[in-house]
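Structure first, commentary second.
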Amino acid sequence: MLEGIIFVAVICAAAAVEAKDLKLSTYALGGVGACLALAFLTFESYFFAAFQLAVVSAIVYVLLLVQKRQKIVRDDQPRSSVWNYLAALAFAGFAGTAFFPALAALPDPLQVKYTETLRTFDVVGMLIVVCVAAVAISSLFKARKHKDKR
Amino acid sequence: MTLLLPLFIVLPLFAACLAGAFFWLKKPGAELLTNLVAAALFAAAVGLYFFRPFNTLMIYDLSGWLPPGGSHLILDGLSHLHILVANFVAWLVALYSVAYMRKYTNRTGYYALLLLLVTGINGVILTGDFFTLFIFLEIAALSAYALVAFGNRRAEIEAAFKYLILGETASLFILIGIGLVYATTGTYDMAKVSQSFPADASAVKAAILVLFLAGFGMKAALVPFHAWLPDTHASAPSPISALLSGVIIKTLGVYALIRILYNVFGMTGQLSLVLMVLSGVTIILGGLLSIGQNDIKRLMAYSSISQIGIIVAGLSLGSPLGIMGGIFHSFNHALIKPMMFFNAGAIYRATGTRDIRKMGGLFFRLPVVSASSIVGSLAISGLPPFNGFWSKMFVIVAAAQTGNLFLAMVIAIGSILTLASYLIFLTGAIFGRPNGEVNERTPWLIALPIVILAGCCFAVGLFVPFISQYLLNPAVVSVFNGTGYGKLMGGN
Amino acid sequence: MISYLGCFGLFMIGLYGVMVKRHIYKIVISVLIMEFAVDSFLVLIGNRKWGTALIVLSATLIAAAIIIRVQESFGTLDADELKELKG
């Protein structure tokens, strides 16, 4: 079950990165987020599954809004240079050799029984992060004009 | 007096909310509020030295008022030094902003973001818990992205975009590392992790260390991960450059890295070697790149990279003198570099350019700025009797003592490169034939923080024994305590 | 084990997007994929409450604002065309 969900998420992610149509790409990203909500559901955290879904919809909504406002439709940029692909490949190889032993040593997700979860303090912290974003956006739009140009 | 610890987080946060309220009501007053809060935090950081018995921990248990779970705020020698420096620089930045930011619109938003940034920095320094560390890291990083973009011209936007992408990638590396820690030990508490990390999980430990090294290395701008630093430092408003260079790369990067490497996982020979190589490359590359720059802020930014290399070099040595040199250099850099960025801002205000080729002969036209630029340049290049000389000497001597003569040589070469790049700045901009126009004299509100910092550079250079006994030694003790950090917490 | 590998793959797809794609919108989407990958990793290892969804949302908001500002000031969304800062 869990493997299936992650597999769908990987397919969605590949589609999101490679799609030429950016609307499709955004919806695919929403699909990745929805898979995450399903993963929460697998572990019977119903409230957090709903919460995750709500946040993902908000993210997709914001991105679509940006697309509509800025008339961003397609990704028609030419391919980047071969070196970028090689760097990505080298990085993947390095990460793979570093992490496969570590991943093998981790416990089976279905057997994990740690009970400690996020503390109220951290949740408050995350709410602060959202406030930061709100102030940041206002500054990005409202601080645009200088009293003098330099 | 442990009640003062949450104050460092709650007070700027509360003030940021107030500033947000001012913002919606379109009322002024955020300027005064920020200055008062920053001054109060600095006073509290100084005051805590009188309430914390020497070489002891101060722990504030958050589970009392925010159940459930046991998150702690911890003040030991290392975090105390960092909280002192961070709030001192933040206060001067707030003071400097009053005059400097007059040219910008939406100043209330600026001050709200600045206060949130201070909240994040203080949280990162004080927390004793991985997940809380990540959250405060994000608070600081997200407000830093917005502050870098604050001028909203092309250069600022480009720098903010690069910073956003690289910074988020770094944060994610750190978060995976934290996840691996949690998967192996079942707790986020640093003290508990240091006590209960299983000895047989070496594959996981290696992966965690690689992730933390990459993540915090990116935040600290060690060389393979330094690409964002020159752009952001050069593009941000000068007070923010000062805060980025003086505080953020050190707390978000070096401080967190050292805390985790020394106190949670324990330093090993291999790790020390990796850090040494990285720092050596960082010193040389940062120094070489700073020589070719014509933009004064970019020159200072590259020199920051080089200095970060020296700090990490000192800390990687693992000997008490090396650690002390590293921490001392971080302390000195936090005094010198904000001053240099304040000077760059004042020069930019007066001449309207940051290009060395378009300025010259500022010495008699901007006397305060020029004098402090000379002080700062000599101090950061490690010339006596300024503070930078002592810390660089400590690191070099420690490197020689531990048998790393090559590293000692690299640091000496790095110092020469730094001196060369600052001499280009001095001969081009401060001395030489008068060139370009100077439109205004330095306002006293801009001169004041610069003079304070220049005075600090002198004073620290003169009172090294005092500084090392009361500020540096406790920090060295807490770093050198290694994983005994967890035992000091009473095993909880 | 297979689900961990899936998470790793998800992260790698995101990282590939960040390194290889030139469209700024795509780069932001790739960063978000990386964030979701890490978040699902946290769910797998037992952090089954809250997650970091709110942080992902905040990063999205700021990134969205920056996308808009990039297009307004540079007139393009090609990351290779951002050449204001060099050296």
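From the backbone N, Cα and C atoms, a Cβ is placed for every residue, glycine too.
What you see is a predicted model, and the numbers here were worked out from it, not measured in a lab.
Residues in the domain 'NADH-Ubiquinone oxidoreductase (complex I) chain 5 N-terminal' (B:73-108) partition by DSSP class (helix H, G, I; strand E, B; coil) as 29 helix, 4 strand, 3 coil. For B:73-108, the entry in TrEMBL reads domain 'NADH-Ubiquinone oxidoreductase (complex I) chain 5 N-terminal'.
Here TrEMBL flags B:129-418 as domain 'NADH:quinone oxidoreductase/Mrp antiporter transmembrane'.
Taken from TrEMBL, the feature transmembrane segment applies to B:6-25 (among others).
Tertiary proximity for the transmembrane segment (B:32-51) is limited to same-chain residues at least six positions away from its ends with a CB under 8 Å from its CB atoms, namely 1, 4, 7-8, 11-12, 15, 18-19, 22, 58, 75, 80, 83-84, 87-88, 90-91, 93-95, 97-98, 111, 114-115, 118, 122, 470. What TrEMBL records for B:32-51 (among others) is transmembrane segment.
Same-chain residues lying 6 or more positions outside the transmembrane segment (B:71-96) and placing a CB less than 8 Å from one of its CB atoms are 5-6, 8-9, 34-35, 38-39, 41-42, 44-46, 48-49, 52, 55-63, 111, 114, 118, 121-122, 125-129, 132, 189, 191, 238-240, 242-243, 246-247, 250-251, 255, 258-259, 327, 330-331, 334-335, 338, 342, 345, 445-446, 448-450, 452-453, 471-479, 485, 488-489. Marked as transmembrane segment by TrEMBL: B:71-96 (among others).
Per TrEMBL, the feature transmembrane segment maps to B:108-125 (among others).
Among the features that TrEMBL reports, transmembrane segment is placed at B:131-151 (among others). Using a Cβ-Cβ cut-off under 8 Å and counting only residues 6 or more beyond its ends in the same chain, the transmembrane segment (B:131-151) has close neighbours at 9, 71, 104, 110, 113-114, 116-117, 119-124, 157, 159-160, 163-164, 167-168, 171, 174-175, 178, 188, 219, 232, 235-237, 240, 244, 248, 251-252, 256.
Marked as transmembrane segment by TrEMBL: B:163-183 (among others).
Annotation comment: TrEMBL describes B:203-229 (among others) as transmembrane segment.
Below 8 angstroms of C-beta separation, residues 78-79, 82, 85-86, 89-90, 92-93, 96, 114, 117, 121, 124-125, 133, 137, 140-141, 144, 148, 190, 193-194, 197, 205, 208-209, 212-213, 216-222, 229, 232-234, 271, 275, 297, 300-301, 304, 308, 311-312, 315, 330, 333-335, 337-339, 341-342, 344-345, 478-483, 485-486 of the same chain, each at least six residues beyond the ends of the transmembrane segment (B:241-265), sit close to that stretch. Look at TrEMBL and you will find B:241-265 (among others) tagged as transmembrane segment.
TrEMBL lists B:271-292 (among others) with the feature transmembrane segment. Sequence-distant contacts of the transmembrane segment (B:271-292) (same chain, at least 6 residues past either end, Cβ-Cβ under 8 Å): 209, 213, 217, 222-224, 226, 230, 261, 299-313, 315-318, 404, 406-407, 410-411, 413-414, 416-418, 420-421, 424.
If you look up TrEMBL, you'll see B:304-328 (among others) marked as transmembrane segment.
Positions annotated as transmembrane segment by TrEMBL: B:362-386 (among others).
Residues annotated as transmembrane segment in TrEMBL: B:444-467 (among others).
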Remark   = Over the domain 'NADH-Ubiquinone oxidoreductase (complex I) chain 5 N-terminal' (B:73-108) the mean pLDDT stands at 90
